[in-house]
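Lifted from TrEMBL, the feature list:
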- 10-198: domain 'Thymidylate kinase-like' (DOMAIN)
- 12, 13, 14, 15, 16, 17, 18, 19: ATP binding site (BINDING)
Ligand SMILES: Nc1ncnc2c1ncn2[C@@H]1O[C@H](COP(=O)(O)OP(=O)(O)O)[C@@H](O)[C@H]1O
Ligand SMILES: Cc1cn([C@H]2C[C@H](O)[C@@H](COP(=O)(O)OP(=O)(O)O)O2)c(=O)[nH]c1=O
């Protein structure tokens with residue numbers, strides 16, 4: 001059963017606990033009869049996954065890194081996100097543009113005005129509006145705690161191996177985005193036990209009237 005298209009993004013620093021809940025949220029929508037696409041950024045199409053590998057493994061200057069993120073996003077929007085929303089499906093995405101503002105803008109210190117221009121170009125919809133998620137679940141957790149959770153959990157990539165102060169800047173970048181658009185964001189205290197975090201995710205989705 002399809003309804004109106006719903007676009008939900010998961011955001012937060014590495015190790016905040018996003019991946020732990022994404023599939024459960026997708027399943028909860030499926031249990032309510034919805035068709036769900038679970039996807040991620042950078043990635044989600046063959047081209048964008050190739051760009052992801054480059055961005056996560058190769059050293060590059062900050063503008064190149066930002067352009068790769070937006071190039072991957074453009075392909076993902078055109079091939080996957082916009083078609084799924086047009087079909088009235090639910091699209092759950094592990095990170096979207098807020099991650100670029102947090103990691104490239106906050107973490108790397110890249111010019112946020114340039115990112116805003118890229119955002120307007122890359123996310124332009126056919127009707128001229130700028131595509132944004134309908135709901136962004138922002139998992140907030142102290143970088144020290146996230147680093148402890150990640151220690152030993154997986155091999156760190158080029159971002160995960162950054163020092164704590166990088167993630168403090170990333171977290172501030174996310175907070176600025178949330179403050180600028182509070183209606184879109186649900187800020188979730190990710191320091192709670194898994195069950196309490198899951199309850200907060202469900203409550204945020206319910207508060208939007210999505211089920
Ligand atoms: N609420 C929680 N309390 C303690 N550990 C958690 C919690 N949520 C997730 N974890 C663990 O923390 C680690 C990082 O979680 P993950 O979901 O992969 O984070 P992310 O996708 O945000 O990088 C994993 O080992 C996961 O099992
Ligand atoms: C979408 C996006 C991700 N990133 C970074 C954040 C993450 O460290 C990394 C990959 O995200 P993620 O999929 O969360 O990594 P993992 O599969 O290891 O959990 O890319 C950016 O720097 N900018 C962006 O625009």
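Along the chain as shown, residues are numbered 1 onward.
Every residue gets a Cβ built from N, Cα and C, even glycine.
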Close to ligand 2, in the sense of Cβ under 6 Å, among 12, 13, 14, 15, 16, 17 as binding-site residues, are 14
Filtered by Cβ distance under 6 Å to ligand 1, the binding-site residues 13, 14, 16, 17 reduce to 14, 16, 17
Students should find that the Cβ of residue 15 (ATP binding site) has, within 10 Å, a number of other Cβ atoms equal to 23
Here the 10 Å Cβ neighbour count for residue 19 (ATP binding site) comes out at 11
Other than 12, 13, 14, 15, 16, 17, 18, 19, the chain contributes near ATP (Cβ within 8 Å of their centroid) the residues 139, 141, 146, 190
Given the binding-site residues 12, 17, the candidate whose Cβ has the fewest other Cβ atoms within 10 Å is 17
CB neighbours within 10 A of residue 16 (ATP binding site), counting all protein chains shown, number 27
Listed in sequence order, the residues of the same chain lying six or more positions from residue 13 (ATP binding site) whose CB sits under 8 Å from its CB are 102, 139, 141, 143, 146, 167, 170, 171, 174
Within the same chain, the residues at least 6 apart in sequence whose Cβ is under 8 angstroms from that of residue 14 (ATP binding site) are 146, 150, 159, 160, 167
Note: in the chain of residue 18 (ATP binding site), residues six or more apart in sequence with C-beta under 8 angstroms of its C-beta are 10, 11, 12, 94, 95, 137, 139
